[in-house]
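Chemist: This is the structure I have questions about; it appears just below.
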Amino acid sequence: MAAASVTSPGSLELLQPGFSKTLLGTRLEAKYLCSACKNILRRPFQAQCGHRYCSFCLTSILSSGPQNCAACVYEGLYEEGISILESSSAFPDNAARREVESLPAVCPNDGCTWKGTLKEYESCHEGLCPFLLTECPACKGLVRLSEKEHHTEQECPKRSLSCQHCRAPCSHVDLEVHYEVCPKFPLTCDGCGKKKIPRETFQDHVRACSKCRVLCRFHTVGCSEMVETENLQDHELQRLREHLALLLSSFLEAQASPGTLNQVGPELLQRCQILEQKIATFENIVCVLNREVERVAVTAEACSRQHRLDQDKIEALSNKVQQLERSIGLKDLAMADLEQKVSELEVSTYDGVFIWKISDFTRKRQEAVAGRTPAIFSPAFYTSRYGYKMCLRVYLNGDGTGRGTHLSLFFVVMKGPNDALLQWPFNQKVTLMLLDHNNREHVIDAFRPDVTSSSFQRPVSDMNIASGCPLFCPVSKMEAKNSYVRDDAIFIKAIVDLTGL
């Protein structure tokens, strides 16, 4: 893997775990998955044990201090002192990030046809897809982002409204229930047909309306007819004999039990007086409450308007925060790229000779055998300050015909800032060496580029296809003679012939 400076995971923290697996439009490879959340890596960090984690996941794990790597434990690869997750030894895996961000992606939201790369999805589409399902804060239902405003204003059953009659605040779902008790709700008189009579004055209208049907005054003694107010006198004249008969019958019944009447009469009179006093008191209270209800309704309407304004402000601020978070995330990525470039510049050479030290050889070899990190790229080096840009690629467990038996070493022509000034195809002799620490038996291989190969044409992407030696050095030779591996490190040297440049 390309060398990188060790940076705290917190510096790239975007408070988001890995990408959903449903984003990939191609078959998913295990190397792209976070060892913690098992989703696609987002801002990958590599621990010293070789496992990769999302920046968010690693920060969450390390929030309570250094931890054992659960992936090492699960895979049976735990090593004391190596399988430890800690901020000081984890570093941003920019090579893995570039691979992940270049993967083809499709939007997982139903109905959306967007396609692109993971990098484009994160920067331009994630969180902005019109088909994204979001939760309505009022009714808790799921609505598409593009329909959220219409839902909030027109369809949400919990949307805040004001009664059109009394202006009291009310949700849409409770509006019909409110109409049943609203003091300003318009009623229609069945007698005269007058409409839009407020409920609070309807009884006064009924008492005054000549067309309203009321009980006959003699209903207490047995007359059950309902008569219009204006015809009440005619009814009493027409039913005079019947009313007198009812009165006589009632009188005779009362006369038959005078003791009971004498006992009940004063008690009923007293109760009536008490009830009349209470009614008068309650009427005064109702008047006060009506005025208070009107005042509260006006206040509630003002609060409702202010609430809507506040909600609009909150939504606008929330959008700004999201934009700022996205902007900070992009700046963090740019900063990581700059850190990577500075780190590479510190070890770059400009004379065509490059010595690459690979530390932690034992661990990196185990990772290559396990398939977690099969290849490692060196920092870039140059033939001159304005010359060709190159790097090395090594497979510690071999590649192709050398897999499992040899160390494979390749030479890579990279896209440089001055390619337009250089001669193409690249045609300089390349010598590759595995250095013997005793300076006696260096493993050496050299080749002159095949100018017809695409590996040595002017690069159109970050780097050309690697070319070199899949059978560079047998693993058995390295293990049998400890002069190649010393202090758990090996040194690889590349020499580019500058003749003709």
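Placed from the backbone N, Cα and C atoms, the Cβ positions cover glycine too.
What you are looking at is a predicted structure, and each value in this text was computed from that prediction instead of being measured.
Pasting the feature list from Swiss-Prot:
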type	residues	note
COILED	298-348	coiled coil
CROSSLNK	K31	ubiquitin cross-link
CROSSLNK	K320	ubiquitin cross-link
DOMAIN	351-496	domain 'MATH'
MOD_RES	A2	N-acetylalanine
MOD_RES	S5	phosphoserine
MOD_RES	T7	phosphothreonine
MOD_RES	S11	phosphoserine
MOD_RES	T22	phosphothreonine
MOD_RES	T117	phosphothreonine
REGION	283-293	region 'Important for interaction with BIRC2 and BIRC3'
ZN_FING	34-73	zinc finger
ZN_FING	124-180	zinc finger
ZN_FING	177-233	zinc finger
Chemist: Within 10 angstroms of the C-beta of T22 (phosphothreonine), what count of other C-beta atoms is obtained when all protein chains are considered?
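Modeler: There are 14 of them.
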Chemist: Cα-Cα separation of K31 (ubiquitin cross-link) and T22 (phosphothreonine), in Å?
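Modeler: Per the Cα atoms, K31 (ubiquitin cross-link) and T22 (phosphothreonine) stand 16 Å apart.
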Chemist: For T22 (phosphothreonine) and T117 (phosphothreonine), determine the Cα separation and express it in whole Å.
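Modeler: Computed Cα spacing between T22 (phosphothreonine) and T117 (phosphothreonine) is 13 Å.
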Chemist: For the region 'Important for interaction with BIRC2 and BIRC3' (283-293), could you work out the same-chain residues 6 or more beyond its ends whose Cβ comes under 8 Å from its Cβ atoms?
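Modeler: That would be 166, 168, 183, 200.
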Chemist: Given a 10 Å Cβ-Cβ cut-off, pick out the one of the recorded sites K31, K320 that has the most other Cβ atoms nearby.
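Modeler: Selected residue: K31.
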Chemist: Under DSSP, is K320 (ubiquitin cross-link) part of a helix or a strand, or is it coil?
Modeler: helix
Chemist: Enter the number of other CB atoms within 10 angstroms of the CB of T117 (phosphothreonine).
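Modeler: Total other Cβ atoms inside 10 Å, all chains included: 15.
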Chemist: For the zinc finger (34-73), give the DSSP counts of helix residues, strand residues and coil residues.
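Modeler: Here the numbers are 14 helix, 7 strand, 19 coil.
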Chemist: DSSP-wise, what's the residue breakdown of the zinc finger (124-180) into helix, strand and coil?
Modeler: 21 helix, 12 strand, 24 coil
Chemist: DSSP on the region 'Important for interaction with BIRC2 and BIRC3' (283-293): how many residues come out helix, how many strand, how many coil?
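Modeler: Its residues divide into 11 helix, 0 strand, 0 coil.
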Chemist: Whole-number Å distance between the CA of T117 (phosphothreonine) and the CA of K320 (ubiquitin cross-link)?
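Modeler: Between the alpha carbons of T117 (phosphothreonine) and K320 (ubiquitin cross-link) there are 25 Å.
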